[in-house]
Amino acid sequence: MALGLHGGHGASGQGLVLETSATATAASGAVGSRRFLLCLYLVGFLDLFGVSMVVPLLSLHVKSLGVSPIVAGVVGSSYGILQFFSSTFVGCWSDVVGRRSSLLACILLSALGYLLLGVSTNVFLFTLARVPAGIFKHTLSISRALLSDLVTEKERPLVLGQFNTASGVGFILGPVVGGYLTELDGGFYVTALICCSVFLLNAGLVWVLPWRETTLKSAEDAWSSDEKHATVPRESAGTRQGAATPTKARRSEKKVQKPWLEVMSALKDMKSLLFSALWDIFLVRLLMGVAVMLYYSNFVLALDERFGVRPKTTGYLISYTSALGTLAGFAVGPILRLYKHNSHMVLLHSSALTCSLLLLYSVAGTMHVVVLSSTLLSFSTSVGRTCITDLQLSAGGAQASGTVIGVGQSVTAAARVIAPLLSGVAQELSPCGPPSLGAALALVAVLIMSRNKPHSSGHGNEKLKRE
């Protein structure tokens, strides 16, 4: 009796110790995850800060090299073409080899591209410099996939919105610094080399990130999920560790395969999912992307022809709307809570609002209406971008978040190629032609979303397992 009582006290004491230890570990993991997220926000900020210092100066530098406008256009489009073909491949590569390795490789190879840009005294070197950046400049895509690995589905839109906000701040500050540096002697080369230094600093930040704490936290979450859902295969839990380590499940099955072969195999497995379960999401992304780019394509020229607004004043308006779009990232969380985390409905309503605002801008008779429509457009497009990324990840599943985001980036790259062509044709008809066409395309996107049911978060995983 006494022995039984003693054993009972020992067991309860041991349970209390284990519970206290688990609570302390959970608290430590929460702090580590929060610190990791903040570091990733800084990675996004530095990435766009460095890029936006250089990008506005590229056209001027190409012109200074003495090439014809046609050659300059071909060279300028090479980056978008490379992004179109590389986005999906690099995203899938990050699923196979792990986020840390792929993120470091992309940052360092992008730094090489900007280093070459800093010594590009002829058009050959300039074109060569755009190749590594065009292929490997996917820091933001891999970072978003990593964020998706680390947070729950309900937290994901909020975290992605905050990440977009941090990156947007870098995009606002970068041109200011770049514009100042370009006034110096050899300013473009100095700016490109500083951009390279920013990327090297970013690589150092990624190297010292607390990956171990994040891996442990992911493992604990996966173990908790297995305890609650005993019927779920262990491989689905292991995918969350892909944020910091290679996909162990795939490697255990295909130990003899090289990473590049694994990438091709993963892309083959994902093909039917991408083109059957996600076709409507990617089509909506393409239509909305082209619609918004049509709006921006002739914004300066249209305001000059319609209202006689000087480019300097238009620049202030663009900066104002860019700042609002950046701050709109903080509104994603409250909006989703209002909609009970229904990203499909938020995207539908934000796209409908974008369509209406594009139409309003097209028929605006005064600058007051233009400012109003531009203000609300910066808000609706920012919320829409976050929600469509969340829908892609929900439908595609956690096992291939890098691939899904990569395909989304390829779709956006295609929109960048299509929009200027459509804008040129519509501009021949009227200065209001491009935004009017954009409103029509946005309306088609709204109709597609209205006819299709929202995707469930488990659909992608179930389909992938059946294959």
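Cβ atoms here come from the backbone N, Cα and C positions, even for glycine.
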Which listed span TrEMBL calls transmembrane segment, if the choices are 70-91, 422-443: 70-91
Contact between the transmembrane segment (187-209) and the transmembrane segment (103-125) (at least 3 Cβ pairs under 8 Å, separation 6+): yes
Distal contacts, the transmembrane segment (273-296) - CB-CB under 8 A, six or more residues away: 347, 351, 354-355, 358, 361, 377, 381, 384, 388, 391-392, 395-396, 400, 403-404, 407-408, 411-412, 414-416, 418-420, 422-423, 426, 434-435, 437-439, 441-442, 444-445, 448-449, 452, 455, 459-460, 463-464, 467
When counting Cβ pairs under 8 Å to the transmembrane segment (103-125), the leader among 36-58, 159-181, 357-379: 36-58
Integer average pLDDT (0 to 100) for the domain 'Major facilitator superfamily (MFS) profile' (36-457): 82
